[in-house]
Amino acid sequence: MYKIFFRLVFKRMDPERAHYAAFRWIRLAARIPVLRTFVAAALAPRHKELRTEALGLRMHGPFGLAAGFDKNAIAIDGMAMLGFDHVEIGTVTGEPQPGNPKKRLFRLVADRALINRMGFNNEGSAAVAARLAARNPVFRTTVGVNIGKTKVVPEDEAAADYVKSTERLAAHADYLVVNVSSPNTPGLRNLQATESLRPLLTAVREAADRTVTTRRVPLLVKIAPDLADEDVDAVADLAVELGLDGVIATNTTVAREGLGLKSHPDLVGEAGGLSGAPLKDRSLEVLSRLYARVGDRITLVGVGGVENAEDAWQRILAGATLVQGYSAFIYEGPAYARAIHQGLAARLAASPYATLAEAVGAETRKQAAA
């Protein structure tokens, strides 16, 4: 049903307009008690065998919504209603900013992919913190907050900008993510270099601990798929050294070669980060490499090209405790999370593993032992 609607309506609309139209409908449904109860019963069934403990948190399942869809913490209940067991909001910057000029979001339908150069358009950390503080949750879900650099802030002042966001948002986050991997903010990816990343993550950790004294807010870093293997290793080692709680692999890619893209060259050539199905293999490679390096010492989150339950299962076998999706949600529609959780439950039942936790990293460990 949704795929017919997508072809007849959404495909003909500007992608950003279609995004906000869907966003409004989800928010509206979540505000109507009878409707949200019905939708949640249909799309967010619980599978007790998928219960997950990660980052010191208990979740109904491992699959959640990646950052980028709900930038301003407006539709958390709506996304939980659709079956996402954690919702990562943002990216949120220290100060509000409009993002890059439109047109800035493109669908590569033939590739089941998106290209975006949104540029961290968001209302800023103060506004988002106020919204989170006032939130009265309808559905129990884990809320991650993804923070990034304000565009006008120079690279050498980035740490202070991230600290500002941390001080405002940490108290309202179940976990925090430092995003240094978007290709759409000039200079941001330079912060992935360990000599820049170490002081940045240290400053954010200290700010979170200083701001929230009643609990330890888990801190993760999100990395790009375009890092060289040795740089992936360096980030992994740094994460362990600094006592980070996790790494999210991966963000969008600036690469176009070698991805087998079928869309029109003019569309493929649009500037920005590419997400969706073509990212699948490289994201999985990075995830496996991270797990081989860090094992179970930190939590890994797999994202990038997760279209279905098999993709999510492969992420878990590679080393991900949590898995996220976004681009495929645009193509698959509201039953996306339900299908993944149902498929994961079936795969776990058919596997040799007694629990989901047992399956985490099993394939990577097997390859290492071969």
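Every residue, even glycine, has its Cβ placed from backbone N, Cα and C.
Values in this document were obtained by computation on a predicted structure and should not be read as measured data.
All chains included, 25 other C-beta atoms sit within 10 angstroms of the C-beta of S182 (active site, nucleophile). Per Swiss-Prot, the feature active site, nucleophile maps to S182; the stated evidence is sequence analysis.
Under the heading FMN binding site, Swiss-Prot lists A67, G68, F69, D70, K71, T91, N146, N179, K222, T250, G276, G305, Y326, S327. Around the Cβ of K222 (FMN binding site), the number of neighbouring Cβ atoms within 10 Å comes to 25. A strand conformation is recorded for K222 (FMN binding site) in the three-state DSSP classification.
Every protein chain shown contributes to the tally, and the Cβ of R117 (substrate binding site) ends up with 21 other Cβ atoms within 10 Å. The feature substrate binding site is assigned by Swiss-Prot to K71, N116, R117, M118, G119, F120, N179, N184, N251, T252.
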### Message
If I take the Cα of N146 (FMN binding site) as reference, which of the recorded positions N179, S182, N251 has the closest Cα?
### Response
N179
### Task
In three-state terms from DSSP, label S182 (active site, nucleophile) for me.
coil
#### Entry: Neighbour count (Cβ, 10 Å) for N146 (FMN binding site)
26
### Query
When a 10 Å sphere is centred on the Cβ of N251 (substrate binding site), how many other Cβ atoms does it contain?
27
### Query
Closest of the recorded positions to Y326 (FMN binding site), Cα to Cα, picking from G119, S182, N251?
N251
